[in-house]
Amino acid sequence: MESYVFECGEARVDKPKVVLGVSGGIAAYKACELLRRLTESGHDVRVVPTESALHFVGAATWSALSGHPVSTEVWSDVHEVPHVRIGQGADLVIVAPATADMLAKAAHGLADDLLTNTLLTARCPVVFAPAMHTEMWEHPATQENVATLRRRGALVVEPAVGRLTGVDTGKGRFPEPAELFDVVRRLLARGDRPAQDLAGRHVVVSAGGTREPLDPVRFLGNRSSGKQGYALARSAAARGARVTLLAANTALPDPAGVDIVPVGTAVQLREAVLKAAADADAVVMAAAVADFRPETYATGKIKKKDGEAPAPIALVRNPDILAEIAGDRPRAGQVVVGFAAETDDVLANGRAKLARKGCDLLVVNEVGERKTFGSEQNEAIVLGADGSETPVPYGPKEDLADTIWDLVVQRLV
Ligand SMILES: Cc1cc2nc3c(=O)[nH]c(=O)nc-3n(C[C@H](O)[C@H](O)[C@H](O)COP(=O)(O)O)c2cc1C
């Protein structure tokens with residue numbers, strides 16, 4: 001097998017250096033797409049597969065896609081000491097897929113091939129994306145290894161739930177490569193800031209917009225896409241949190257490593273929030289919740305009748321979830337964040353809402369036909385109950401998400 005010199009001539013030093021460790025799971029082929037995304041977005045990627053990984057995807061593929069030779073063992077180019085240099089020189093290491101075996105080796109500090117040596121010498125953020133059958137994932141040995149790695153500061157992405165190898169379905173599925181790419185990008189963007197400042201925390205995020213059914217085909221809804229809530233979930237997961245995402249009528253790809261609870265109506269969202277918030281360190285209510293719902297639900301489709309005016313729709317108030325959770329926190333010290341979408345007198349209305357709801361932070365943004373809803377961008381002011389005011393200029397929703405978590409982290413006890 002070919003070997004390589006880590007700092008060889010063609011490596012461009014200005015590119016972030018990512019080590020992509022690949023261990024021997026069936027999902028190894030999906031790591032090819034992650035590799036492509038990383039190289040095409042300007043990362044210098046070294047692929048370090050295990051011997052088992054090469055049963056699934058050959059060295060030629062890794063080499064051609066990364067533009068570098070690959071090796072699995074420590075005995076090539078010994079004068080370059082690659083077992084030390086690769087880890088030392090990396091800005092980020094991601095092991096994807098990470099087998100049960102690799103998690104065990106990493107947790108116990110084994111160093112019997114190039115990847116395990118690299119993991120011991122890396123001082124940069126390290127990410128594991130486990131993929132395996134549900135039984136292997138749930139086994140206490142694997143769970144203890146994951147806990148050990150997390151305690152030491154590694155980001156272990158929760159596997160997704162879905163189709164596994166063969167006919168099996170369950171937890172253990174490799175997350176979408178696009179989602180893992182996003183995790184890598186976010187971690188690298190954090191620079192010197194602590195990468196895992198939400199490690200060991202449970203956060204709850206609501207996203208999307210509730211729908212209040214009128215009849216089996218119609219509902220009262222709103223224009224929220226859920227993108228801001230999903231950005232919050234992704235950001236928190238990349239910072240090490242266990243994330244529960246309460247998704248109200250969204251049509252977005254599942255963020256990697258996030259537990260998703262689909263909800264429909266405001267009443268369902270309330271139930272889900274109260275349940276998930278019981279042990280949460282922070283609750284961020286980014287979903288647009290309907291203030292009212294139809295008083296009655298017609299079990300058959302409401303028909304128009306010739307010559308008759310339509311019957312008026314009587315509405316009743318929905319529960320005020322934000323006020324309820326902020327006023328009676330399910331857990332002491334919990335940080336509660338609300339959102340206020342305002343169309344006019346944005347700041348004054350935001351301040352009044354913050355006082356009324358009793359939350360710690362209120363993210364106030366102006367909405368309109370082309371502003372905020374469905375957009376990739378956002379602009380907001382985050383008001384604190386302590387009188388603070390943090391403006392976040394117009395930019396990607398993920399920037400606002402990062403700022404919100406910065407402010408939450410400052411308030412966590
Ligand atoms: C077809 C096949 C698929 C496998 N898929 C997985 C998997 O998805 N996850 C896993 O942990 N192990 C899986 N294994 C088992 C690993 O390949 C085995 O534990 C191996 O020793 C891992 O070596 P490595 O961690 O050095 O790559 C699979 C084995 C085979 C034969």
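Any Cβ shown, glycine's included, is placed from N, Cα and C.
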Matching residue for the CTP site, where TrEMBL names Lys301, Pro319, Asp320, Ile321, Leu322, Phe339, Lys353, Lys357 - out of Asp281, Asp291, Asp345:
Asp291
Name the residues of the same chain, 6+ apart in sequence, whose Cβ is under 8 Å from the Cβ of Lys357 (CTP binding site)?
Asp320, Leu322, Ala323, Ala326, Gly338
Chain-internal residues near Ile321 (CTP binding site), provided their CB is under 8 angstroms and they sit 6+ positions away:
Ala266, Leu269, Arg270, Val273, Met285, Val289
Report the same-chain neighbours of Phe339 (CTP binding site): residues 6+ apart in sequence with Cβ closer than 8 Å to its Cβ, ordered by sequence.
Gln228, Met285, Ala286, Ala288, Leu362, Val363, Val364, Asn365
